[in-house]
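Report on the structure given below.
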Amino acid sequence: MGNNKNQISIEEVGRVAQLARIELTSAEKEKFSRDLSAILDYVDQLDEIDVSTVAPTSQVTGLKNVLRQDVVVGFDQAQLLVRLASTSQENYIKVKSVF
Amino acid sequence: MNLNYLTISEAMDGLRAKQFSSQELTTACLEQIKKYNKKINVFITVTEYLALEQAQIVDRKINNGDKLNPLAGIPCSLKDVFCLKGAKATAGSKILQNYIAPYDATTVKLIKLNDAVILGKVNTDEFTMGSSTETSASGATRNPWDLSCVPGGSSGGSAAAVASAMGFYSLGTDTGGSIRQPACFCGIAGLKPTYGRVSRYGVMSMASSLDTIGPLARSVKDIALILEAIAGVDINDATTSREPVINYAAKLGKGIKGLKIGIPQEYFGQGLDPEVAAITDSAIKQFKKLGARIVKISLTYTKYALACYYIIVPSEISANLARYDGIRYGLSKSEGDLLATYLQTRAQGLGDEVKRRIIIGTYALSAGYYDAYYLKAQKVRTLIKQDFEKAFKQVGVILTPTTPRPAFKIGEKNNDPLTMYLEDIFTVPINLAGIPGLSIPAGFTKSGLPVGVQLLAKQFNEEDLLRTGYAFEQATDYHKMYPIID
């Protein structure tokens, strides 16, 4: 650590990991802090390009607003999907209380 | 030669001429799997019963004199990110170790409609994140040409399966090189089609603005046959295109006289292995002999492609992988409250590289950073795309090395993520531009490792790409070589 232009601290990694809902060990936080700093240094080279007049590309083949009829299609495998959950009751997926 | 070493088109002819049955082809492949799977670590799941049942149906059709679909009776495999109804789909991850797919991916449905024989599911880097197939929870796959080397990745299981004759072809995915690089490392052909050419429904997403699905096989003709079967519009994948799907195999033989092939100088700089450079040069000479005109071109923004890619990919990963939360499917660790379930499930279920990318992506998309990273990368993406558009006004096809170096040793690049990312330097620009890319075998290093070249064409111009690759293949023997596995 220390030589990177971008310094992503261990605390910052912990905060981001919490947002991403991943519990990290302190060893992981330290490693990812180093990796993240190095990767951000690498991607900093994009700053060399002036993109002030360039439009972003989000859909590369130019498709726009692909629409379809809003019709109900039957699905008879609901039980199969419910069974994939770790806990279920009757035909419902059981989850921990949200509040 | 053993039946499992034929190409698809040879096997198709043999089936129709009743020289052998689909059950014989299938048994030959299953025996190869039994013999070498432990050594090479290719198959995560073998669907032997399904395969033999499918083969039997085709043999019955042949005996009845029914008309056969293309690909009928030909054994193949699927990268373990494809849903095959009733079979495990692990994505090479602990979090999906026991996940049974409840439906077929569109591409799986399509090859089943063609009476394909599905041998099983093959190894991949976890959720396709890697260039070596080492990040899989099922362990590393080995390169059939040299068991101490990686097969490439992330479709390393697919490439190793085809190279070691455990099936005639495999369906893989390519977000930044994951079909072309392993095809190159394993001495076979691999096609990344145009973005939106093949439906992704039922295949686990990594980076949705870049993900594509394509075939790996032993010849360009085989690739053409598979592409025709799997390409086309799908109501379940809104990014699929209505561009017509053509009979690619029928157009292969037109030759390449007068075709302009562009050589971008940016792909021949420092860091290119001298043996790879020499093999690429001799491929260029071969194309010249076949009547192509070689034109030097420039793709100015090439050097920024990898940086652009490593913002866009983790950002989209952080959103796509949020679904693995231990609630609806997959691993679930549930001591404590709901938040604890999320935190622990993902901590225990996801591997190192997946966590790393989710965290980079979450950081890049978090409040205050969006403009500086994701939006900026999308703008640079426009410039990279325009580079190719300009080039294709000048030339019909572009040729580059597929990778800067041949297959590396297992464990060699594990410790530094950036070194691993640099493996994809020649393949990621193609995904950013959404164009098709084909890797074909072009030679061998002195130590006997395969080397490939990459051919590129305009969006939805798979026809010229395959025709060019086919012309090279007709003039060379590299694609006919296969590894002696020891």
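Glycine is treated like the rest: Cβ placed from N, Cα and C.
As recorded in TrEMBL:
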- B:K79: active site, charge relay system (ACT_SITE)
- B:S154: active site, charge relay system (ACT_SITE)
- B:S178: active site, acyl-ester intermediate (ACT_SITE)
- B:24-466: domain 'Amidase' (DOMAIN)
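You'll find the Cα of B:K79 (active site, charge relay system) roughly 11 Å from the Cα of B:S178 (active site, acyl-ester intermediate). B:S178 (active site, acyl-ester intermediate): 35 other CB atoms within 10 A of its CB, across all protein chains. Under DSSP, B:K79 (active site, charge relay system) is assigned to a strand (E or B) in the three-state scheme.
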